[in-house]
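This is the structure I have questions about; it appears just below.
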Amino acid sequence: MVVLQVYVKAKECNQPLSPEDFAIVLGKHFTSFYRQVTAAIINIVEKPWERICIDGQQHEHGFKLGSEKHTTEVIVKKSGAVQIVSGIEGLAVLKTTQSGFEGFIRDKYTILPETRERMLATEVTAFWRYPFETLASIPAKQLYFTEKYMDVKKVLIETFFGPVKGGVYSPSVQSTLYYMAKAVLARVPDVSSVKLKMPNLHFLPVNLSSKDNPVIVKFEDDVYLPTDEPHGSIEATLSRIHSKM
């Protein structure tokens, strides 16, 4: 029954909507149509189907599925109160240099040496909250939330990689994560708080030897071993003053 109503509301939309806007449409419907419903929590994940290009031309009906996903959770209350959290999942990024791991706390159990040269790979998950507290306070601009999603994604990517020429040095995943979140708050004023999760996905230099052959494979910036586990998962939340996230 609920699924049917979602299809009906989608059919009634006469213009493109962001996931956030469609979630608001559904939340308003369920809290107004059903007397016993005081609040609706709507979660939507948008998969990024991208038009195929062949010989520099866009295909009329060909698409491929991209990687990262646009997510949202919207809470709509019968009173008109609203909470909107948007996000991005599966943003896989890698830099082959300008990355190290240094300056960390050491104790008697620390065996990891510091380094100023390593690969940095991660899969970014980000969530950010908007400051709007009522339906009436949400901007009326069409595809406003899609625009903000693209703004946040752009800031995350630019801060991670740095300038095209030379990039930017990262002393640790933790440091880069902090500066990425800080940049979102600085450059996207409509975001009140942001949470980032960035697992440290390792690409380890391959050096192989044996008793009889001490140099089967000598690492010369050429052969790496990608590993899934174990890895650290780094998370942080940055908020403006008075943010509720």
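Note that Cβ sites are derived from N, Cα and C of the backbone, with glycine treated the same way.
In case it's useful when we look at the structure, here is the feature table from TrEMBL:
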- Phe101, Arg118, Val173, Gln174, Asn200: 5-hydroxyisourate binding site (BINDING)
- Phe101, Arg118, Val173, Gln174, Asn200: urate binding site (BINDING)
- Asn200: O2 binding site (BINDING)
Other than Phe101, Arg118, Val173, Gln174, Asn200 themselves, what residues in this chain have Cβ atoms within 8 Å of the centroid of the urate site's Cβ atoms?
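So the extra residues in range turn out to be Ser99, Gly100, Leu120, Ser170, Ser172, Thr176, Gly232, Ile234.
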Just jot down the residues in the same chain as Asn200 (5-hydroxyisourate binding site), at least 6 apart in sequence, with C-beta under 8 A of its C-beta; none if empty.
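The answer is Thr122, Val173, His231, Gly232, Ser233, Ile234.
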